[in-house]
Amino acid sequence: AEKEIDSILKTWVRFFSIDIGWINEFNKIIVRYAKYFKLLKFFLGHTDCVNSVQFSSDGSKIVSSSDDKTIRMWNIFRGHLDWVYDAQFSPDSSKIVLSSVDNTIRLWDINSRQSIRVLQGHTRSVTKTQFSPDGNMTVSSSMDNTIRLWDTLGDELKKLEGHSSLVTDVQFSPDGQTIVSSSNDSIVIVWDVKSGERLCQLLGHSDIVSKAQFSPDGRYVVSCSHDKTIKIWSVASGKELKQLEGHSDLVNDVQYLPNGQIIVSCSWDGTIRFWDVKSSQEIQNLEGHTGCVTGVDVSPDGGIIGSSSYDHKIGLWG
């Protein structure tokens, strides 16, 4: 632990020009708030690029998707558990939602391992589906340029149109009242769930926007792009607040840690990077994957990071 703290101290002193005379007090702050991540293990099983990884709500399992046409569920304490076709967990981890290239979305019960709903409406491949925080709705994005809201019975509630190209990602806000979407059209849009209206367009990226995520308090959005940058936006004003630069290739995924003060990102450059929100500075760079890193997720307590990669591996860092 002392070596890890020392490494963080050296990085922060270099970036922030901290007075060395204040280092003892700063050391206490590091011990309390900062975490030095290192590789815990790799999960092996996929036979092609692993595209994404997500933790269950209790942090005990992860689900991964791959170009080998499978989705696998893993117990992070014991290893391989079982595999399914395509998935993201529901808030209570009792169900998974499957997005597919066959234009459909399927809901599966985890315990029975049975399909309980098929959601049909998209006319091209579904790129992302996510449950609302209360689990009563799902939202999906598609290569048909639309976003759709669905109830738990599988009925389409709304179709949101506004992007001029395929929608790469869609996410609910923490309170479930708004949605943020990203697209190949380089635009991020914040939507009102109840009305289906656009609340604001976030303009500034110069290439495809891979992902967009709300901050834990819902006041900000962080986005990442093929233009190699990460941007932080104010939801209230729609203005860009910060730009984070350091990746040497397109940025695939970005997430807030639960404290809202640190962001984690991954890139085609093969790295996972941590950023301090307040200073906009990189504070840690993880290397270990031998291919581009396609996705990251953060455990509910912020203590473990999951990563997926072209090297067919799933990484756990903590």
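Cβ coordinates come from backbone N, Cα and C, glycine included.
On a predicted model such as this, the values are computed, not experimentally measured, just so you know.
Residues or ranges marked as repeat 'WD' by TrEMBL: 43-76 (among others). Tertiary neighbourhood of the repeat 'WD' (43-76): same-chain residues 82-89, 91-93, 96, 98, 110, 253, 291, 294-301, 304, 306-310, 312-316, selected by CB-CB distance under 8 Å and a gap of 6+ residues from either end.
Feature annotation from TrEMBL assigns repeat 'WD' to 77-118 (among others).
Sequence annotations record features per position, and here TrEMBL assigns repeat 'WD' to 119-151 (among others). Listed as Cβ neighbours of the repeat 'WD' (119-151) (distance under 8 Å, sequence separation of 6 or more from its ends, same chain) are residues 88-92, 95, 97-107, 157-161, 163-172, 174-176, 179, 181, 183, 191, 193, 196.
Positions annotated as repeat 'WD' by TrEMBL: 160-201 (among others). Outside the repeat 'WD' (160-201) by six or more residues, the chain places 124, 127-128, 130-134, 137, 139-149, 207-214, 216-218, 221, 223, 225, 233, 235, 238 with a CB less than 8 A from a CB of the stretch.
Annotated repeat 'WD' per TrEMBL: 202-243 (among others), in sequence order. Within the chain, the repeat 'WD' (202-243) has long-range Cβ neighbours (under 8 A, six or more residues past its boundaries) at 168-169, 171-175, 178, 180-184, 186-190, 249-256, 258-260, 263, 265, 267, 275, 277, 280.
In the repeat 'WD' (244-285), helix, strand and coil residues by DSSP number 0 helix, 25 strand, 17 coil. Residues or ranges marked as repeat 'WD' by TrEMBL: 244-285 (among others).
Taken from TrEMBL, the feature repeat 'WD' covers 286-318 (among others). As a summary of secondary structure, the repeat 'WD' (286-318) carries 0 helix, 17 strand, 16 coil according to DSSP.
For the repeat 'WD' (244-285), same-chain residues at least 6 beyond its ends with a Cβ under 8 Å from one of its own Cβ atoms are 8, 11-12, 15-16, 33-34, 36-37, 52, 207-208, 210-211, 213-217, 222-232, 291-298, 300-302, 305, 307, 309, 317.
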